[in-house]
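> Here it is, the structure in full.
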């Protein structure tokens with residue numbers, strides 16, 4: 001979440017929220033996206049002109065908010081059949097909420113017969129009157145970011161395939177929780193982190209790349225029983241050396257299961273110490289992907305560090 005609270009000049013914090021949304025989605029490289037922008041005050045005015053009573057405003061918003069998932073005909077049917085709007089009001093709303101377009105800064109028109117200056121385009125931001133966001137605490141600007149369909153035919157517009165972020169202005173919400181009712185203007189956004197994770201994971205699976213859930217570099221393993229103290233000693237020395245290491249939390253795990261754990265989690269190295277290695281003062285380093293092994297002298301006991309490089313730290 002990203003929020004700006006406090007009294008500032010109009011629209012500056014709101015524009016900052018749109019900028020932050022754009023930066024987040026661009027850095028994540030999820031693909032083409034579109035940030036839809038509207039204003040609840042504009043929507044209230046449109047609905048009033050269309051003949052929607054104030055008491056039915058939120059009901060109409062909840063129906064319009066489904067336009068990204070349902071065709072207009074179904075939304076109109078819900079407005080009339082379930083939300084209590086007149087057919088005439090619903091038809092008027094339909095004329096407005098299907099309007100959308102890209103945002104452009106106003107350009108100046110030079111004197112004479114030269115063509116107007118072409119202003120810079122903002123193709124990833126669109127003013128969209130169908131955006132309603134059903135939550136009733138929004139008081140001004142509202143916006144929602146959607147990922148766009150990657151494959152589209154000639155002449156087809158890119159279709160939204162899912163919302164990944166949204167937000168808006170909610171000037172009256174904080175005061176509801178203040179015993180003195182003090183008004184705190186706020187605007188903010190929320191990123192759909194679970195949906196983004198599922199998209200990234202699906203992309204990794206499709207590419208065949210293994211998804212690592214740990215940053216562990218070395219697993220300390222033993223092939224025999226009664227060697228837990230040796231494992232604990234070596235993993236502690238690796239932590240003191242700022243190496244991300246771990247052990248399997250079993251007293252006497254089988255070596256095959258320890259190596260399988262490395263393969264399942266993507267740990268690249270296994271440091272194996274058995275009775276022979278301890279007698280020789282060496283450790284066997286196994287490259288898990290290639291299964292090649294080398295023997296190296298056990299490290300001398302290092303001085304303890306106040307912070308350890310445990311896995312994931």
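Backbone N, Cα and C define each Cβ position, glycine as well.
OK, TrEMBL features for this one:
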- 3, 133, 137, 138: L-histidine binding site (BINDING)
- 124-196: domain 'Class II Histidinyl-tRNA synthetase (HisRS)-like catalytic core' (DOMAIN)
- 217-295: domain 'Anticodon-binding' (DOMAIN)
- 293-306: compositional bias 'Basic and acidic residues' (COMPBIAS)
- 293-313: region 'Disordered' (REGION)
> Taking every protein chain in this structure into account, which of the binding-site residues 137, 138 has the most other Cβ atoms within 10 Å of its Cβ?
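Output for this query is 138.
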> Need one number: mean pLDDT over the domain 'Class II Histidinyl-tRNA synthetase (HisRS)-like catalytic core' (124-196).
82
> Check each residue in the chain of residue 133 (L-histidine binding site) that is at least six apart in sequence and keep those whose C-beta is under 8 Å from its C-beta; list them in sequence order.
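Sequence-distant Cβ neighbours: 40, 61, 65, 142, 144, 166, 168.
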> Please give me the CB contact count at 10 A for residue 3 (L-histidine binding site), counting all chains in the structure.
14
> L-histidine site residues 3, 133, 137, 138: biggest Cα-Cα distance, Å?
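Output for L-histidine binders 3, 133, 137, 138: max Cα distance 17 Å.
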